[in-house]
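Per TrEMBL, these features apply:
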type: DOMAIN; residues: 5-222; note: domain 'Orotidine 5'-phosphate decarboxylase'
type: BINDING; residues: Asp11, Lys33, 61-70, Thr116, Arg177, Gln186, 206-207; note: substrate binding site
type: ACT_SITE; residues: Asp61; note: active site, for OMPdecase activity
type: ACT_SITE; residues: Lys63; note: active site, proton donor
type: ACT_SITE; residues: Lys63; note: active site, for OMPdecase activity
type: ACT_SITE; residues: Asp66; note: active site, for OMPdecase activity
Amino acid sequence: MTPAPIAVALDAPDLETAAQWAALVTPHVSTVKVGLELYLRYGPDVIASVKGASGVQVFLDLKLHDIPNTVAGAARAVARLRPAILTVHAAGGPAMIRAAVESAPHTEIAAVTILTSLTEADLDRIGLAGPADAAVRRLAALSVEAGATALVCSPHEVSAVRAEVGEGIRLITPGVRPTGAATQDQARVATPEQALADGADLLVIGRPITGSPDPGAAAAAIAASLRRSV
Ligand SMILES: O=c1ccn([C@@H]2O[C@H](COP(=O)(O)O)[C@@H](O)[C@H]2O)c(=O)[nH]1
C-alpha cells in the first residue's frame, strides 16, 4: 500500500524515542519530520537514526530565519545530510529564501508562512493586521517568486494559497487534528480529511500520533481514513 501523505513530527525528548516512533509509523506514512528539539540536542546524527533502514523521507524543520548570508551557510551545512525538505521562514524575505534555495540544490525549500499556532489576535499584536489568509497569500507569493517549491500554511488557508500559487508547489499543512483530538497549542486547525480535500499535499501530524499509546496504530488509522476519504 502507498504510504499516506503524512509527515509525522518526531518531537521527542530523546533519540531512542524518536527512532522508535519513526520505525513504528514508517510503514504507514511517507515522511518523518525532525524539528528543533531533536536537532538541537543531537545534531546531524539524528537524520540517520530516524531514517533507519526504511529509507523514509526526512523533513528537516529548522525554520531558518536570519540574514541571507547566514541562512546560506546554515542551508549549506545541512544540505550535506540530504533532507528531502528544509524549512525557512517566509518572513525572512525573498533574498533570504533565494539564498537557501541556491545553497541546498538537492533539498526542497519550504517557506513557512504564518505559524499555525497564531490566532488573528496574535497577528494583530505583531503588526500583521487583517485576515490571516491575506498575509499567508502575500508570503506564499513572494516565497515562490524567490524559488521556494513548497509552502507551509494552515489548513484554513490552503485553498487560498493554491489559488495564489497554482499547481506544482507542494503545500504542507501542520495544524491537523483528527475529529475530537485536542488542539493543544495549535490555533488554525482542521481534520486530516478536510486538509487533504482543500488541497494539502503533505499533512504534518505530531502529538495525535506520537502521544498515542500505539503510534503505529494511530498512524495506520489516520492513513486508512484518508484513503477512504478520497
Ligand atoms: O506553522 C507551523 C509550522 C510548523 N509546525 C510544526 O509542526 C508540528 C506540529 O505538531 P503537532 O504535535 O501535530 O501540533 C510541530 O513539530 C511544529 O513545530 C507547526 O505546528 N506549525
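Note that Cβ sites are derived from N, Cα and C of the backbone, with glycine treated the same way.
Predicted automatically and left uncurated, TrEMBL annotations should be read as such.
The structure displayed is predicted, hence computed values, not measured ones.
Asp11, Thr116, Gly206 are the binding-site residues among Asp11, Leu62, His65, Pro68, Thr116, Gly206 whose C-beta comes within less than 6 Å of an atom of ligand 1, given in sequence order.
For Gly206 (substrate binding site), the nearest neighbour among the active-site residues Asp61, Lys63, Asp66, judged by Cα separation, is Asp61. Neighbours of Asp61 (active site, for OMPdecase activity), defined as other CB atoms within 10 A of its CB across all chains, total 25.
Other Cβ atoms within 10 Å of the Cβ of Asp11 (substrate binding site) number 19 in total over all chains. Along the domain 'Orotidine 5'-phosphate decarboxylase' (5-222), the predicted structure has mean pLDDT 97.
Using a 10 Å radius centred on the Cβ of Thr116 (substrate binding site) and all shown protein chains, the other Cβ atoms total 24. Between Thr116 (substrate binding site) and the residue listed as 'active site, proton donor', the C-alpha separation comes to 13 Å. For the pair formed by Asp66 (active site, for OMPdecase activity) and Asp11 (substrate binding site), distance between Cα atoms is given as 23 Å, rounded to the nearest Å. Within 10 Å of the C-beta of Asp66 (active site, for OMPdecase activity) there are 15 other C-beta atoms, taking all protein chains into account. Counting in whole angstrom, Lys63 (active site, proton donor) lies 14 from Asp11 (substrate binding site) by their C-alpha atoms.
Cβ environment of His65 (substrate binding site): Val71, Val88, His89, Ala91, Gly92, Met96 lie under 8 Å away, each six or more residues apart in the same chain.
In the three-state DSSP classification, His65 (substrate binding site) falls within coil.
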